[in-house]
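Taken verbatim from Swiss-Prot:
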BINDING   ARG82, GLU125, TYR138, GLN206, CYS207, TRP208, PRO209, PHE210, PRO211, HIS212, SER213, ALA255  substrate binding site
BINDING   CYS112, CYS115, CYS130, CYS133  Zn(2+) binding site
DOMAIN    139-262  domain 'Nudix hydrolase'
BINDING   ALA172, GLU192, GLU233  divalent metal cation 1 binding site
MOTIF     173-194  motif 'Nudix box'
BINDING   GLU188, GLU192, GLU233  divalent metal cation 3 binding site
BINDING   GLU188  divalent metal cation 2 binding site
Amino acid sequence: MSARWTTAVLDPQMTGGLAVARSPEGFLVDANGALFPRDWLKRQDLDVLCEHGIGHFDGQPVFLLELRSATDVPGCSWRGLRAFMLEGDFDTYKVLGYAAQIGTWAREHRFCGSCGQPMTQIRWERAMYCQPCDLRSYPRISPSMIVLVTRGDEILLARSPRFVTGVYSTLAGFAEPGESAEDCLVREVREEVAVEVKNIQYVGSQCWPFPHSMMLGFHAEYAGGEIVMQPDEIEDAKWFSVHDLPPLPAGRSIARYLIDLYVARRLGCDIPAFPS
């Protein structure tokens, strides 16, 4: 949340307010950004799959129009969520990140996973409902551990084949059923690079709407083992000196914060601000 943005469950039968439109190609934008007068947006020829009330921005109600496909709108274009994270106003990114998670959930829960019947939107809580099964489906949140492994003035960074060319980052992975956060961290580090860790310290968390992760960030000290990269997951992993680092993740990510925080502490620099 921010001073300008708060989430809320709003009834789409309300009138007025602001709205964002999301398609498989991203969010609709014009010269003024991604938040449009709702009445104007609903007059456009959009292929609307569903509508959800998602919160308040600067005191105005905000709604999401989740679209089946992108539509040409004069004076507008489509922009992916990552572009807003890297370049746009961060308050707007918070709105769109939440909208993206709700849109993904709404798109994937149109039908009951038990009986296959259409689900209906509950207007007073964030849930979809199957009346025949009396089953509610809530937005999915996937807990993921992200960890910077440290060894004095060295940090262990790795590359996934999916990364931007040249960029190295921290290790991360999703929790399995029955695991604690610490259990997951130890397992993921062992699986990805075959080293052991100790002195695990929780640092903070960040919502990561790509598509619905909750990143729990840690520092952990190296305890032993030689790096052996996990096939298909890790294409390179090595120790880097805090004085000589490779290209790193985006500054608004918790991965970058874990790195910057440790480096600042080792070098006696100012502690960076946590990405909100």
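Heads up, the Cβ atoms here are built off N, Cα and C, so glycines get one too.
Counted within 10 Å of its Cβ, the other Cβ atoms near CYS133 (Zn(2+) binding site) come to 14, all protein chains included.
Shown in sequence order, ALA158, SER160, LEU171, GLY173, GLU188, GLU191, VAL193, GLN230, ILE234 are the same-chain residues outside ALA172, GLU192, GLU233 whose Cβ sits within 8 Å of the Cβ centre of the divalent metal cation 1 site. On a Cα basis, CYS115 (Zn(2+) binding site) lies 38 Å away from GLU192 (divalent metal cation 1 binding site). Fewest other C-beta atoms within 10 angstroms, among the binding-site residues GLU188, GLU192, GLU233, are seen around GLU233. Helix, strand and coil residue tallies for the motif 'Nudix box' (173-194), in that order: 13 helix, 2 strand, 7 coil [DSSP]. Note on the domain 'Nudix hydrolase' (139-262): mean pLDDT across this stretch is 97. Across the structure, TYR138 (substrate binding site) and GLU233 (divalent metal cation 1 binding site) place their CA atoms 30 angstrom apart. With GLU233 (divalent metal cation 1 binding site) as the anchor, the candidate binding-site residues are CYS112, CYS130, CYS133, GLU188, PRO211, and the one with the nearest CA is GLU188. Taking Cα separation as the measure, SER213 (substrate binding site) is nearest to CYS112 of the binding-site residues CYS112, CYS115, CYS133. Between the listed binding-site residues, namely CYS112, CYS207, the fewest other CB atoms within 10 angstroms of a CB are found at CYS207.
Cβ neighbour count for CYS130 (Zn(2+) binding site): 20 (other Cβ atoms within 10 Å of its Cβ, all protein chains included).
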